[in-house]
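As recorded in Swiss-Prot, the features of this protein are as follows:
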| type | residues | note |
| --- | --- | --- |
| BINDING | TYR34, TYR171, GLN175 | L-tyrosine binding site |
| MOTIF | 39-48 | motif ''HIGH' region' |
| MOTIF | 231-235 | motif ''KMSKS' region' |
| BINDING | LYS234 | ATP binding site |
| DOMAIN | 345-411 | domain 'S4 RNA-binding' |
Amino acid sequence: MRFIEEFINKGYFHQCTDLDRLTAITKETKIAAYIGFDCTATSLHIGSLMQIMILRLLQQHGHKPIVIIGGGTSKIGDPTWKDEVRKILSKEDIAKNAEGIKKSLSKFIKFGDGKSDAIMLDNAEWLDSFNYLDFLRDFGSYFSVNRMLTMDSVKLRLEREQHLSFLEFNYMLLQAYDFYYLSKHYNCSLQLGGSDQWGNIVMGADLIRKISGKEVFGMTTPLLTTSSGAKMGKTAAGAVWLNEDLLSPYDYYQYWRNCEDADIVRFAKLYSEFTQEELNRFESLAAEDINAAKKQLAYELTKLCHSEQAAKSALETAVKIFEEGQIDENLPTVVLEQEVLQAGISAYELFHEAGLATSKSEARKLIRGNGAKINDRLVEDENMIINTNFLLDKKVIKLSAGKKKHILVRV
């Protein structure tokens with residue numbers, strides 16, 4: 001199966017500047033294509049997983065993935081579909097975040113000097129040295145403000161009478177220049193991104209055409225939500241991070257294990273490397289087979305992101321907890337100061353401190369709704385004092401929020 005054919009078959013396709021021509025070119029030759037990532041955290045989360053899998057698909061078909069870390073543009077902020085102005089990051093934060101993002105990406109793609117090896121660039125390398133007057137002189141005349149004002153991302157802010165600073169308005173010019181720079185210096189002929197980036201991508205392609213006459217393309221992916229409308233990558237407990245220092249492989253496994261029934265087939269297509277035969281089997285699941293399919297999906301996605309050993313450990317932990325009722329040492333763990341437990345802490349405060357509730361009021365609500373357990377026993381009094389007497393084997397306390405969220409408290 002060719003790159004574009006598989007791209008469409010997996011559900012990645014939304015829009016392309018010239019799909020027929022891009023299909024023909026990628027059949028005849030290998031290209032370089034790039035995707036940009038915000039440099040706003042020390043890890044990517046599953047909201048970026050489709051873009052990462054596209055980079056992986058490019059590499060598998062012999063094309064060269066280029067990853068752009070927005071070290072330069074992160075100093076400004078992308079107004080695209082954002083209701084508020086973004087916080088501007090320091091150089092130190094950007095460098096730290098870039099290191100973590102490369103760690104996320106290295107789980108899925110190979111970086112190096114080979115023809116199809118990925119490279120990662122920070123657009124600060126060329127944007128930081130910009131002279132503003134030179135930029136206006138050399139590139140300003142190629143951009144139409146009339147057209148920029150018609151872009152949905154800008155129009156949305158203006159219609160709501162929300163603040164759109166000149167700083168942010170310049171973001172789309174810089175992203176367009178990124179594409180031009182990569183086309184000129186790395187022979188990059190394709191920019192990929194979410195459908196919310198369409199206007200910025202087209203501006204870059206137009207800039208290249210006007211200056212150099214090169215044939216380049218833009219292609220976007222659909223913006224994904226779960227079947228219930230929730231944003232991919234976010235849960236009530238926070239983001240589903242790819243790096244294990246922010247989210248354990250067990251919690252990563254549990255996220256996919258607990259996905260909605262209606263999402264199984266779509267997630268399998270988007271995020272796994274199951275064969276077509278396996279995908280066909282997912283599409284014809286009987287009701288009694290859904291749980292087994294979720295386990296298989298969670299196992300495969302955890303193996304892809306972390307390792308087969310991590311996937312095995314996550315599966316074994318889940319079996320011990322949910323099927324055998326045991327306590328497993330691989331459960332996520334939080335450490336509580338011994339003095340706190342010796343003095344005693346109320347049940348609702350403990351659930352909040354352990355991260356099983358985002359606020360103390362939410363912890364109270366969890367307990368009042370009979371959703372909280374300590375050492376597998378229902379917590380009936382939110383003010384019950386928890387102390388060292390609750391330690392199992394003098395080591396841990398097991399907290400459970402609902403049937404699927406468990407954590408160990410150690411001192």
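Note: Cβ is positioned from N, Cα and C throughout, glycine not excepted.
Note that this is a predicted model, so its numbers are computed, not measured.
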Residues in the motif ''HIGH' region' (39-48) grouped by DSSP into helix, strand and remaining coil: 3 helix, 1 strand, 6 coil
For the domain 'S4 RNA-binding' (345-411), residues assigned helix / strand / coil by DSSP: 19 helix, 22 strand, 26 coil
Cβ-Cβ distance under 8 Å to TYR34 (L-tyrosine binding site), same chain, at least six residues away: PRO65, ILE66, VAL67, ILE68, PHE179, LEU182, CYS188, LEU190, GLN191, LEU192
Residue among binding-site residues TYR171, GLN175 with least C-beta crowding, 10 angstrom cut-off: TYR171
For GLN175 (L-tyrosine binding site): DSSP state (helix, strand, coil): helix
L-tyrosine site span - longest C-alpha distance across TYR34, TYR171, GLN175, in Å: 17
